[in-house]
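**Q** Under the heading substrate binding site, Swiss-Prot lists R72, K269, G294, D295, T327, citing similarity to another entry as support. Feature annotation from Swiss-Prot assigns K(+) binding site to N74, S76, D112, T113; the stated evidence is similarity to another entry. Annotation comment: Swiss-Prot describes N74, F75, S76, H77, R119, K206 as ATP binding site. The site 'Transition state stabilizer' feature in Swiss-Prot is assigned to K269; the stated evidence is similarity to another entry. Per Swiss-Prot, Mg(2+) binding site is recorded for E271, D295, and the stated evidence type is similarity to another entry. Positions annotated as beta-D-fructose 1,6-bisphosphate binding site by Swiss-Prot: T431, E432, S433, G434, R435, S436, W481, R488, R515, P516, G517, S518, G519, Y520.
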Amino acid sequence: MSKHHDAGTAFIQTQQLHAAMADTFLEHMCRLDIDSEPTIARNTGIICTIGPASRSVDKLKEMIKSGMNVARLNFSHGTHEYHEGTIKNVREATESFASDPITYRPVAIALDTKGPEIRTGLIKGSGTAEVELKKGAALKVTLDNAFMENCDENVLWVDYKNLIKVIDVGSKIYVDDGLISLLVKEKGKDFVMTEVENGGMLGSKKGVNLPGAAVDLPAVSEKDIQDLKFGVEQNVDMVFASFIRKAADVHAVRKVLGEKGKHIKIISKIENHEGVRRFDEIMEASDGIMVARGDLGIEIPAEKVFLAQKMMIGRCNRAGKPIICATQMLESMIKKPRPTRAEGSDVANAVLDGADCIMLSGETAKGDYPLEAVRMQHAIAREAEAAMFHRQQFEEILRHSVHHREPADAMAAGAVEASFKCLAAALIVMTESGRSAHLVSRYRPRAPIIAVTRNDQTARQAHLYRGVFPVLCKQPAHDAWAEDVDLRVNLGMNVGKARGFFKTGDLVIVLTGWRPGSGYTNTMRVVPVP
């Protein structure tokens, strides 16, 4: 323990410190210790999909307390009225904590577009009816609208009019996240005959994948345009754009959002082979990336998904863009109160790979244990963050960052380096547009980044970046700039103390600007907590 005593009583975060100081990655792994406590703060954002299991105001309040940072609305399902109700509930739940600036947690709202996806029709009977497709059986896949609402085990309608043109005999059609696979035997004018390779129970309106086929659907469908406009009206904070295949698709989404929606962050979901191949141009055009492993695992072989995940996380970390890891992270918790060991490892490894956010889909939307799932992700993420080999990561990101004459970037790198040197308990950053906080986040400090801002949207969007803990300052700006800086720094200090990030006597690093306005962060101080 002597190592910690050298640091004085100031250092409260043991969080695998012994391992963090190792010289090599191997030595770092050897020193990891299951008895070392992680920090109070969690650096990774948690995104929860809101659905029937979680949309009541009371449930949402509990989700926020358990650690939800971003509420995701999936526009593949539900009407605008339904989503409007959910947005209202999320805001009401968030505002219920607003009376006290210390405990207030901004929660962002994300609109996930349906995108250019292909879906099956309705099974005849009710909306919840299912039919069994048996292995080896013949199934006719048709475009004939007469079957749109009465599919059964013999005929399946799909909504993609060019189906016949893009698939050949011998191709495969996957339905419902790849659970059901069909082999194309012959082609007709408006149908294909298939043989069921992998059967199962089939419900209504399930997703269809055609791996390898050159699907020519527009990047932004008519429904997407209506949904995005609705999102702008509702003032959502970010859009998760589905099935992005090239940079032009991102520009198309941006165009629909228009002038009024120019502050909305666009996160591109990479879900097929083309998206992976053209990753660099997509990343360049987007505000961030989501590794959508569900569809990706059907479009490319399942055993290659981890390669795509690591490549995308690596490139986003190098470029300083946020990246979200999604799909099946704690899938078994839809029905069980505890995750499988594999899922626990998966969440931890996404964090170790360098993901900024981790996401829950069915676990919180329709599962039996939505709160437990959020708490589980929170607990695993904290442990994994403590086990990061920060030193190597910082040096490598520094080596790869382009040398440009931007003072804020130099400040950020210097502040993070100083935070390692003095074992700072936190970095407090004043930020209007959020840029200063994002730059610091890029260098991945061990300590949380308390970002104090007066802009409520900046506060909500800050959750996309690893380590940024937004604090919304509601006090009116002070006439004297220096006084105003002190006022905000003190708010950051009070929040950090109240949340147990640090205590009196600990060192924190404070980043401020010496004149008002956005883009002038140029002063760094190392300050003991009063």
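Heads up, the Cβ atoms here are built off N, Cα and C, so glycines get one too.
Since the structure is predicted, the reported quantities are computational estimates derived from the model, not experimental observations.
Help me see these features in their spatial surroundings.
**A** The Cβ of K269 (substrate binding site) lies under 8 Å from the Cβ of D112, G115, F240, A241, S242, F243, I244, G275, I289, M290, A292, A326, each on the same chain and at least six residues away in sequence. DSSP assigns K269 (substrate binding site) to a strand.
Sequence-distant contacts of S76 (K(+) binding site), defined by Cβ-Cβ distance under 8 angstroms and a gap of at least six in the same chain, are D112, K114, E117, G207.
Its own atom aside, the Cβ of H77 (ATP binding site) has 12 Cβ atoms within 10 angstroms in the protein chains shown.
Its Cβ placed at the centre, D295 (substrate binding site) has 24 other Cβ atoms within 10 Å.
Under 8 Å, Cβ to Cβ, and six or more positions away along its own chain, T431 (beta-D-fructose 1,6-bisphosphate binding site) finds A437, A451, V452, T453, T458, A462, T521. In the three-state DSSP classification, T431 (beta-D-fructose 1,6-bisphosphate binding site) falls within coil.
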**Q** Would you mind checking how many other C-beta atoms are within 10 angstroms of the C-beta on E271 (Mg(2+) binding site)?
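**A** Excluding its own Cβ, the number within 10 Å is 27.
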**Q** Would you identify which of the binding-site residues N74, T113, T327, S433 has the most other C-beta atoms lying within 10 angstroms of its C-beta?
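**A** For the binding-site residues N74, T113, T327, S433, the Cβ with the most other Cβ atoms within 10 Å is T113.
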**Q** From the binding-site residues T327, S433, R435, pick the residue whose C-alpha lies nearest to the C-alpha of F75 (ATP binding site).
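**A** Closest by Cα: T327.
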**Q** With a 10 Å radius around each C-beta, find which of these binding-site residues (R72, R119, K206, R435, R515) has the fewest other C-beta atoms nearby.
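**A** R515, out of the binding-site residues R72, R119, K206, R435, R515, has the fewest neighbouring Cβ atoms within 10 Å.
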**Q** Compute the C-alpha separation of T113 (K(+) binding site) from R515 (beta-D-fructose 1,6-bisphosphate binding site), stating it in Å without decimals.
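**A** Spelling it out, the Cα of T113 (K(+) binding site) and the Cα of R515 (beta-D-fructose 1,6-bisphosphate binding site) are 41 Å apart.
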**Q** So for G294 (substrate binding site), how many other CB atoms are inside 10 Å of its CB?
**A** 19
**Q** Taking 8 Å from the centroid of the Cβ atoms of R72, K269, G294, D295, T327 as the cut-off, which other residues in that chain fall inside it around the substrate site?
**A** S242, E271, M290, A292, R293, L296, A326, M359, S361
